[in-house]
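Asker: Just lifted these from TrEMBL, have a look:
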DOMAIN    39-285  domain 'G-protein coupled receptors family 1 profile'
TRANSMEM  24-45  transmembrane segment
TRANSMEM  57-80  transmembrane segment
TRANSMEM  100-118  transmembrane segment
TRANSMEM  138-162  transmembrane segment
TRANSMEM  201-223  transmembrane segment
TRANSMEM  235-256  transmembrane segment
TRANSMEM  268-287  transmembrane segment
Amino acid sequence: MMMNNSVTEFILAGLTQDSGKQKAIFGVFLILYLVTLLGNFLIVVTIKTCRTLGSPMYLFLFYLSFADACFSTTTAPRLIMDALSQKKTISFKECMTQVFAVHFFGCTEVFVLILMAFDRYVAICKPLRYTAIMSRQICVVLVILAWVGACIHSSAQIFLILRLPFCGPNVIDHYFCDLQPLLKLACMDTYVINVLVVSNSGALCMMSFVILLMSYVVILYSLRNHSAEGRQKALSTCTSHLIVVVIFFGPCIFIYTRPPTTFSIDKMVALFYTIGTPLLNPLIYTLRNAEVKNAMKKLWCSKV
């Protein structure tokens, strides 16, 4: 399956070559990464230990936070370490592993966000059948399907990349291994491969985004029949989800749904969805959710 490659390692260009800026990058992103891990860890532990957070919505939030922590870990540690390294090399196998991991955990987030939207749709539009439709067993099966779907998506990406020959330039103009920068280094015409990448990652992003937006339009439309208090509670939850959806899918659509070209702004956009989104998700879900905040206060105050 894999073509003959004379390239055994790649060099990551990183965010900047300026040594002063690299030290700042090390400090800033180390703090952001630690805060990301702490925030998602707090949500995971709180949901796991608090019986009041046993509904399907919090089961999905548990897996979203877990995926967020893993997704951030696929890129942030190397970005932080490379900021202090003179030569930012990554072996071919490590590079392929990173491509797989980034798309696996990123795709898992996409599917879990869809599950969360489906949960809100059933809760608001079909409240009498909610417990039957969203039983614990069904929710677990849905989460498993999300992981399997993410694995299939990532395997397809790796299959495409491993068919490319790398025999010349090995400097990746990015801070992590990703599809578009790697396509630029291949020693062949990558038009067909790029079309397949766009039809895989790009279509996944666009279709998921459209499905999520449509589901929230339906939810918001159905809220007109609810009481003012019920409307306010549902709107609070849905608003949190919509904020996450927009900040995650906006950058992804920009990166993965266009022709084979790279822009100087790509690194900044990638930072937003690989570093920013996993950092912001815990803040959005805790600051806008009274149940999670109260559960955290009870759990962590009792521990202290």
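Cβ coordinates come from backbone N, Cα and C, glycine included.
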Asker: Residues of the same chain, at least six outside the transmembrane segment (57-80), with any C-beta under 8 angstroms of its C-beta?
Answerer: 12, 14-15, 25-26, 29-30, 32-33, 36-37, 39-41, 43-44, 47-48, 90, 98, 101-102, 105-106, 108-109, 112-113, 115-116, 119-120, 123, 136, 139-140, 143, 146, 175-176, 237, 274-275, 277-279, 281-282, 285, 292
Asker: What stretch, picked from 24-45, 100-118, 138-162, 268-287, has the most CB pairs under 8 A with the transmembrane segment (201-223)?
Answerer: 100-118
Asker: Give the nonlocal contacts of the transmembrane segment (24-45) in its own chain as ranges (CB under 8 Å, at least six residues past its ends).
Answerer: 14-16, 61-62, 65-66, 68-69, 72-73, 76-77, 79-80, 83-84, 275, 278-279, 281-283, 285-286, 292, 296, 299-300
Asker: Same chain only, please: residues at least 6 beyond the ends of the transmembrane segment (268-287) with a C-beta under 8 Å from a C-beta of the stretch. Say none if there are none.
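Answerer: Hits for the transmembrane segment (268-287): 15, 29, 32-33, 35-36, 39-40, 42-43, 61, 64-65, 68-69, 71-72, 74-76, 79, 102, 106, 109, 174-176, 178, 240, 243-244, 247-248, 251-252, 254-255, 293, 296.
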